[in-house]
Amino acid sequence: MGRCTNRLLDFSLYFSPYFSLSPNSSKFDQSQKRREMGDASAGAGAGAGHPYRPYRLLRTVTAHSRAVSCVKFSPPDGRLLASASLDKTIAVLCSSTLATLATLRGHSEGISDIAFSSDASYLASASDDSTVRLWVLKNLPSSNSNSNSSEELGDRCVRTLRGHTSYVFCVNFNAQSNLLVSGSFDCTIRMWDVVTGRSLRCIKAHDAPVTALHFVRDASMIVSASHDGSCKVWDATTGACLKALIEPGKGPAVSFAKFSPNGKFVLVATLDDTLRLCNLANGKSLKVYTGHVNRVYCITSTFSVTNGKYIVSGSEDKCVYIWDLQGKNVLQKLEGHNDTVISVSCHPTQNKIASAGLDNDRTIKIWVQDA
(Lines of atoms letter the chains of each structure in order from A and count residues from 1; the text may use other names and numbers.)
(Lines give C-alpha, C1' and ligand atoms only; values in the text may rest on other atoms or scores of the structure.)
Protein backbone atom coordinates (compact mmCIF):
# COMPACT_ATOMS: atom_id res chain seq x y z
CA MET A 1 0.00 0.00 0.00
CA GLY A 2 1.18 3.51 -0.71
CA ARG A 3 2.06 6.53 1.36
CA CYS A 4 -1.58 7.37 2.04
CA THR A 5 -4.23 4.72 1.87
CA ASN A 6 -7.03 3.49 4.09
CA ARG A 7 -5.51 0.01 3.76
CA LEU A 8 -2.76 1.20 6.11
CA LEU A 9 -4.92 0.25 9.05
CA ASP A 10 -4.56 -3.40 8.08
CA PHE A 11 -0.80 -3.37 7.61
CA SER A 12 -0.61 -7.11 8.27
CA LEU A 13 -1.62 -7.50 4.62
CA TYR A 14 1.83 -6.38 3.57
CA PHE A 15 4.77 -4.23 4.59
CA SER A 16 3.60 -0.63 4.84
CA PRO A 17 6.06 2.22 4.33
CA TYR A 18 4.16 4.04 7.07
CA PHE A 19 3.42 1.31 9.56
CA SER A 20 6.72 -0.42 9.05
CA LEU A 21 7.93 -3.83 10.04
CA SER A 22 11.63 -4.12 10.70
CA PRO A 23 13.50 -6.08 8.00
CA ASN A 24 14.28 -9.69 8.93
CA SER A 25 16.76 -10.12 10.44
CA SER A 26 38.45 1.11 7.61
CA LYS A 27 38.73 4.60 8.74
CA PHE A 28 39.49 7.66 6.57
CA ASP A 29 42.85 9.33 6.90
CA GLN A 30 42.29 12.90 8.05
CA SER A 31 43.33 14.60 4.81
CA GLN A 32 40.95 12.42 2.80
CA LYS A 33 38.16 13.05 5.28
CA ARG A 34 38.69 16.81 5.04
CA ARG A 35 38.49 16.59 1.26
CA GLU A 36 35.24 14.67 1.52
CA MET A 37 33.82 17.20 3.96
CA GLY A 38 34.64 19.94 1.49
CA ASP A 39 32.97 18.05 -1.33
CA ALA A 40 29.91 17.49 0.83
CA SER A 41 29.69 21.20 1.53
CA ALA A 42 30.06 22.05 -2.14
CA GLY A 43 27.49 19.43 -3.01
CA ALA A 44 24.74 21.34 -1.26
CA GLY A 45 25.12 24.43 -3.40
CA ALA A 46 25.28 27.91 -1.89
CA GLY A 47 28.45 29.18 -0.27
CA ALA A 48 29.25 29.28 3.41
CA GLY A 49 29.19 32.33 5.66
CA HIS A 50 25.51 33.23 5.46
CA PRO A 51 23.98 33.88 8.89
CA TYR A 52 20.90 31.75 9.40
CA ARG A 53 17.61 33.60 8.98
CA PRO A 54 14.62 31.82 10.53
CA TYR A 55 11.73 30.65 8.37
CA ARG A 56 8.19 31.77 9.14
CA LEU A 57 4.80 30.48 8.01
CA LEU A 58 3.56 32.42 4.98
CA ARG A 59 0.43 30.56 3.88
CA THR A 60 -1.60 27.44 4.51
CA VAL A 61 -3.36 25.84 1.55
CA THR A 62 -6.06 23.17 1.62
CA ALA A 63 -6.12 21.59 -1.83
CA HIS A 64 -7.17 18.05 -0.88
CA SER A 65 -9.89 16.27 1.05
CA ARG A 66 -7.57 13.57 2.42
CA ALA A 67 -3.93 13.19 3.48
CA VAL A 68 -1.37 14.93 1.30
CA SER A 69 1.31 12.41 0.36
CA CYS A 70 3.74 14.49 -1.66
CA VAL A 71 4.53 18.11 -2.52
CA LYS A 72 7.01 19.33 -5.17
CA PHE A 73 8.18 22.65 -6.59
CA SER A 74 8.79 22.53 -10.34
CA PRO A 75 12.19 22.87 -11.95
CA PRO A 76 13.92 24.94 -13.08
CA ASP A 77 12.36 28.09 -11.61
CA GLY A 78 9.77 26.86 -9.11
CA ARG A 79 6.89 28.41 -11.02
CA LEU A 80 4.54 25.56 -10.13
CA LEU A 81 3.80 23.66 -6.95
CA ALA A 82 2.17 20.23 -7.24
CA SER A 83 0.72 18.01 -4.53
CA ALA A 84 -0.63 14.46 -4.48
CA SER A 85 -3.10 12.89 -2.11
CA LEU A 86 -4.97 9.89 -0.81
CA ASP A 87 -8.02 11.53 -2.41
CA LYS A 88 -6.69 10.23 -5.80
CA THR A 89 -6.02 13.72 -7.18
CA ILE A 90 -3.08 15.96 -7.99
CA ALA A 91 -3.35 19.69 -7.41
CA VAL A 92 -1.19 21.99 -9.55
CA LEU A 93 -0.78 25.45 -8.06
CA CYS A 94 0.90 28.68 -9.06
CA SER A 95 3.69 28.83 -6.47
CA SER A 96 3.58 32.63 -6.19
CA THR A 97 -0.17 33.16 -5.79
CA LEU A 98 -1.04 29.61 -4.64
CA ALA A 99 -4.03 29.68 -6.99
CA THR A 100 -5.11 26.23 -8.16
CA LEU A 101 -4.39 25.96 -11.87
CA ALA A 102 -5.51 22.36 -12.40
CA THR A 103 -6.79 19.34 -10.51
CA LEU A 104 -5.67 16.14 -12.22
CA ARG A 105 -8.00 13.16 -11.90
CA GLY A 106 -7.75 9.65 -13.28
CA HIS A 107 -6.09 7.36 -10.75
CA SER A 108 -8.47 4.91 -9.13
CA GLU A 109 -6.50 4.71 -5.86
CA GLY A 110 -4.40 7.05 -3.71
CA ILE A 111 -1.26 8.63 -5.13
CA SER A 112 2.07 8.23 -3.32
CA ASP A 113 4.54 10.26 -5.40
CA ILE A 114 4.83 12.81 -8.19
CA ALA A 115 7.74 14.12 -10.27
CA PHE A 116 8.16 17.00 -12.70
CA SER A 117 10.03 16.76 -15.97
CA SER A 118 13.08 19.07 -16.14
CA ASP A 119 11.14 21.85 -17.90
CA ALA A 120 7.90 21.27 -15.96
CA SER A 121 6.03 20.42 -19.17
CA TYR A 122 5.04 17.04 -17.77
CA LEU A 123 4.24 15.50 -14.41
CA ALA A 124 4.46 11.80 -13.53
CA SER A 125 2.43 10.19 -10.74
CA ALA A 126 2.73 6.87 -8.89
CA SER A 127 -0.39 5.27 -7.47
CA ASP A 128 -1.78 2.40 -5.44
CA ASP A 129 -3.70 1.44 -8.59
CA SER A 130 -0.39 -0.11 -9.81
CA THR A 131 0.06 2.44 -12.59
CA VAL A 132 2.20 5.43 -13.41
CA ARG A 133 0.46 8.26 -15.22
CA LEU A 134 2.05 10.96 -17.34
CA TRP A 135 0.29 14.33 -17.41
CA VAL A 136 0.89 17.30 -19.71
CA LEU A 137 1.14 20.68 -17.97
CA LYS A 138 1.47 22.91 -21.02
CA ASN A 139 -1.09 25.71 -21.49
CA LEU A 140 -2.33 25.73 -17.92
CA PRO A 141 -4.84 28.45 -17.00
CA SER A 142 -3.45 31.84 -16.05
CA SER A 143 -2.09 32.17 -12.52
CA ASN A 144 -4.55 35.04 -12.12
CA SER A 145 -7.44 32.60 -12.39
CA ASN A 146 -9.29 31.88 -9.19
CA SER A 147 -9.72 28.32 -7.92
CA ASN A 148 -13.27 28.12 -9.22
CA SER A 149 -12.03 28.40 -12.80
CA SER A 150 -9.22 25.90 -12.48
CA GLU A 151 -9.29 22.79 -14.60
CA GLU A 152 -10.70 19.64 -13.03
CA LEU A 153 -10.20 17.31 -15.95
CA GLY A 154 -8.54 13.97 -16.54
CA ASP A 155 -7.74 14.61 -20.19
CA ARG A 156 -4.32 16.03 -19.36
CA CYS A 157 -3.23 12.40 -18.87
CA VAL A 158 -1.29 11.51 -22.02
CA ARG A 159 -0.08 8.05 -20.97
CA THR A 160 -0.88 5.36 -18.42
CA LEU A 161 2.12 3.11 -17.83
CA ARG A 162 1.21 -0.44 -16.84
CA GLY A 163 3.53 -3.24 -15.81
CA HIS A 164 3.91 -3.18 -12.06
CA THR A 165 1.93 -5.86 -10.25
CA SER A 166 1.46 -3.98 -6.98
CA TYR A 167 1.28 -0.45 -5.60
CA VAL A 168 3.64 2.02 -7.26
CA PHE A 169 5.32 4.05 -4.54
CA CYS A 170 7.94 6.28 -6.16
CA VAL A 171 8.68 7.85 -9.54
CA ASN A 172 11.32 10.14 -11.04
CA PHE A 173 12.50 11.58 -14.35
CA ASN A 174 16.10 11.72 -15.52
CA ALA A 175 17.57 15.16 -16.28
CA GLN A 176 16.82 14.83 -20.00
CA SER A 177 13.25 13.77 -19.16
CA ASN A 178 13.29 11.08 -21.81
CA LEU A 179 13.36 8.33 -19.17
CA LEU A 180 11.13 7.67 -16.19
CA VAL A 181 11.89 5.29 -13.35
CA SER A 182 9.34 3.83 -10.94
CA GLY A 183 9.52 1.66 -7.84
CA SER A 184 6.83 -0.61 -6.48
CA PHE A 185 5.67 -2.92 -3.74
CA ASP A 186 6.34 -5.70 -6.24
CA CYS A 187 10.01 -5.10 -5.28
CA THR A 188 10.98 -4.06 -8.81
CA ILE A 189 12.29 -0.95 -10.52
CA ARG A 190 10.95 -0.22 -13.99
CA MET A 191 12.45 2.13 -16.55
CA TRP A 192 10.10 3.68 -19.10
CA ASP A 193 10.51 5.48 -22.39
CA VAL A 194 8.63 8.74 -21.88
CA VAL A 195 7.81 9.23 -25.58
CA THR A 196 6.45 5.76 -26.29
CA GLY A 197 5.40 4.69 -22.79
CA ARG A 198 7.20 1.40 -23.32
CA SER A 199 8.77 -0.42 -20.37
CA LEU A 200 12.47 -0.60 -21.24
CA ARG A 201 13.67 -2.64 -18.30
CA CYS A 202 12.35 -4.35 -15.19
CA ILE A 203 14.91 -4.87 -12.43
CA LYS A 204 14.28 -7.27 -9.56
CA ALA A 205 15.91 -4.76 -7.28
CA HIS A 206 15.00 -5.58 -3.69
CA ASP A 207 13.48 -8.18 -1.40
CA ALA A 208 10.83 -5.77 -0.09
CA PRO A 209 8.97 -2.68 -1.37
CA VAL A 210 11.00 0.02 -3.11
CA THR A 211 10.59 3.24 -1.12
CA ALA A 212 12.57 5.82 -3.13
CA LEU A 213 14.31 6.37 -6.48
CA HIS A 214 16.45 9.22 -7.74
CA PHE A 215 18.62 9.85 -10.82
CA VAL A 216 22.05 11.39 -10.39
CA ARG A 217 22.31 14.71 -12.23
CA ASP A 218 24.05 13.28 -15.34
CA ALA A 219 21.44 10.48 -15.44
CA SER A 220 24.12 7.76 -15.44
CA MET A 221 23.04 6.22 -12.14
CA ILE A 222 19.94 5.62 -10.05
CA VAL A 223 19.83 5.27 -6.28
CA SER A 224 17.10 3.13 -4.71
CA ALA A 225 15.91 2.59 -1.16
CA SER A 226 13.89 -0.30 0.20
CA HIS A 227 12.12 -1.75 3.17
CA ASP A 228 14.59 -4.64 3.02
CA GLY A 229 17.06 -2.28 4.73
CA SER A 230 19.22 -1.65 1.67
CA CYS A 231 20.24 1.33 -0.42
CA LYS A 232 21.63 0.47 -3.86
CA VAL A 233 23.11 2.29 -6.84
CA TRP A 234 22.28 1.14 -10.36
CA ASP A 235 23.71 1.73 -13.82
CA ALA A 236 20.90 3.58 -15.62
CA THR A 237 21.91 2.17 -19.02
CA THR A 238 22.41 -1.51 -18.25
CA GLY A 239 20.36 -1.91 -15.08
CA ALA A 240 23.35 -3.51 -13.32
CA CYS A 241 23.77 -2.99 -9.60
CA LEU A 242 26.97 -0.97 -9.16
CA LYS A 243 27.10 -1.09 -5.37
CA ALA A 244 25.10 -1.36 -2.18
CA LEU A 245 25.61 1.70 -0.01
CA ILE A 246 23.72 -0.18 2.71
CA GLU A 247 23.45 -3.97 2.57
CA PRO A 248 20.02 -5.53 3.17
CA GLY A 249 19.13 -6.96 6.54
CA LYS A 250 21.79 -5.07 8.50
CA GLY A 251 19.64 -2.31 9.92
CA PRO A 252 16.24 -0.63 9.85
CA ALA A 253 14.23 -0.06 6.70
CA VAL A 254 15.64 2.57 4.36
CA SER A 255 12.74 4.91 3.77
CA PHE A 256 14.26 7.51 1.46
CA ALA A 257 17.39 8.22 -0.62
CA LYS A 258 18.43 11.11 -2.83
CA PHE A 259 21.63 12.20 -4.60
CA SER A 260 23.22 15.49 -3.56
CA PRO A 261 23.17 18.25 -6.18
CA ASN A 262 26.78 17.53 -7.20
CA GLY A 263 26.14 13.78 -7.41
CA LYS A 264 28.96 12.80 -5.03
CA PHE A 265 26.82 12.01 -2.01
CA VAL A 266 23.54 10.35 -1.12
CA LEU A 267 21.15 11.52 1.59
CA VAL A 268 19.68 8.40 3.21
CA ALA A 269 16.81 8.17 5.70
CA THR A 270 16.25 5.14 7.90
CA LEU A 271 13.37 4.31 10.22
CA ASP A 272 15.41 4.87 13.38
CA ASP A 273 15.06 8.67 13.48
CA THR A 274 18.22 9.14 11.40
CA LEU A 275 19.37 10.88 8.24
CA ARG A 276 22.85 10.20 6.87
CA LEU A 277 24.95 11.84 4.18
CA CYS A 278 26.92 9.04 2.55
CA ASN A 279 29.92 9.22 0.25
CA LEU A 280 28.91 7.67 -3.05
CA ALA A 281 32.44 6.49 -3.83
CA ASN A 282 32.96 4.35 -0.74
CA GLY A 283 29.61 4.28 1.05
CA LYS A 284 30.98 5.83 4.23
CA SER A 285 28.60 7.88 6.37
CA LEU A 286 30.07 11.38 6.58
CA LYS A 287 27.30 13.23 8.42
CA VAL A 288 24.45 12.09 10.68
CA TYR A 289 21.39 14.26 11.33
CA THR A 290 19.08 13.49 14.26
CA GLY A 291 16.49 15.17 16.47
CA HIS A 292 13.42 14.50 14.33
CA VAL A 293 11.05 11.55 14.74
CA ASN A 294 10.90 8.95 11.96
CA ARG A 295 10.11 5.35 12.82
CA VAL A 296 6.88 4.70 10.94
CA TYR A 297 6.50 6.65 7.69
CA CYS A 298 8.52 7.12 4.52
CA ILE A 299 9.18 10.82 5.00
CA THR A 300 10.98 12.75 2.28
CA SER A 301 13.98 14.98 2.94
CA THR A 302 15.98 17.29 0.71
CA PHE A 303 18.80 19.79 0.30
CA SER A 304 18.20 23.53 0.62
CA VAL A 305 20.62 25.42 -1.65
CA THR A 306 19.33 28.99 -1.98
CA ASN A 307 20.79 30.55 1.18
CA GLY A 308 23.43 28.51 2.94
CA LYS A 309 23.62 24.73 3.03
CA TYR A 310 20.81 22.95 4.88
CA ILE A 311 19.12 19.59 5.15
CA VAL A 312 15.31 19.77 5.42
CA SER A 313 12.96 16.97 6.47
CA GLY A 314 9.48 16.29 7.71
CA SER A 315 8.90 14.50 10.99
CA GLU A 316 6.35 12.39 12.84
CA ASP A 317 6.13 15.01 15.61
CA LYS A 318 4.24 17.27 13.15
CA CYS A 319 7.23 19.54 12.50
CA VAL A 320 9.65 20.45 9.72
CA TYR A 321 13.32 20.20 10.73
CA ILE A 322 16.19 22.21 9.26
CA TRP A 323 19.81 21.20 9.92
CA ASP A 324 23.09 22.88 9.11
CA LEU A 325 24.65 20.56 6.55
CA GLN A 326 28.19 20.93 7.87
CA GLY A 327 27.53 21.36 11.58
CA LYS A 328 24.73 18.74 11.72
CA ASN A 329 22.91 20.83 14.34
CA VAL A 330 19.20 21.58 14.19
CA LEU A 331 18.83 25.21 13.13
CA GLN A 332 15.05 25.41 13.33
CA LYS A 333 11.94 23.34 13.98
CA LEU A 334 8.89 24.64 12.12
CA GLU A 335 5.63 24.01 13.99
CA GLY A 336 2.10 24.31 12.65
CA HIS A 337 0.94 21.04 11.09
CA ASN A 338 -1.57 18.84 12.95
CA ASP A 339 -0.20 15.50 11.77
CA THR A 340 3.00 13.91 10.49
CA VAL A 341 4.82 16.07 7.95
CA ILE A 342 5.31 13.47 5.24
CA SER A 343 6.84 15.56 2.45
CA VAL A 344 8.93 18.70 2.04
CA SER A 345 10.19 20.55 -1.03
CA CYS A 346 12.57 23.50 -1.31
CA HIS A 347 12.02 26.13 -3.98
CA PRO A 348 14.91 26.00 -6.51
CA THR A 349 15.60 29.75 -6.53
CA GLN A 350 13.83 31.31 -3.54
CA ASN A 351 14.18 30.79 0.21
CA LYS A 352 10.90 28.96 0.42
CA ILE A 353 9.84 25.53 1.75
CA ALA A 354 6.59 23.65 1.10
CA SER A 355 5.46 20.96 3.54
CA ALA A 356 2.57 18.48 3.51
CA GLY A 357 0.61 16.83 6.31
CA LEU A 358 -1.22 13.52 6.68
CA ASP A 359 -4.92 12.86 7.28
CA ASN A 360 -5.40 14.82 10.51
CA ASP A 361 -3.92 17.86 8.79
CA ARG A 362 -4.51 17.64 5.00
CA THR A 363 -2.76 20.96 4.33
CA ILE A 364 0.19 22.34 2.44
CA LYS A 365 2.17 24.99 4.31
CA ILE A 366 4.51 27.52 2.73
CA TRP A 367 7.44 28.76 4.83
CA VAL A 368 9.71 31.68 3.87
CA GLN A 369 12.80 33.49 5.08
CA ASP A 370 12.57 37.27 5.34
CA ALA A 371 15.28 39.32 3.63
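Residue numbering: from 1, along the chain as shown.
Note: Cβ is positioned from N, Cα and C throughout, glycine not excepted.
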Region 'Disordered' range according to TrEMBL, out of 24-46, 139-161:
24-46
Remote residues contacting the repeat 'WD' (61-92) - C-beta distance under 8 A, at least 6 residues beyond either end
2-6, 98, 100-105, 107-116, 118-120, 123, 125, 127, 135, 137, 140, 300, 339, 342-350, 352, 354-359, 361-366
Cβ under 8 Å, sequence separation of at least 6 from the ends of the repeat 'WD' (203-244): give me the contacting residues as numbers and ranges.
14-15, 17, 20-21, 23, 166-167, 169-176, 179, 181-185, 187-191, 250-259, 261-263, 266, 268-269, 278, 280, 283, 298, 300
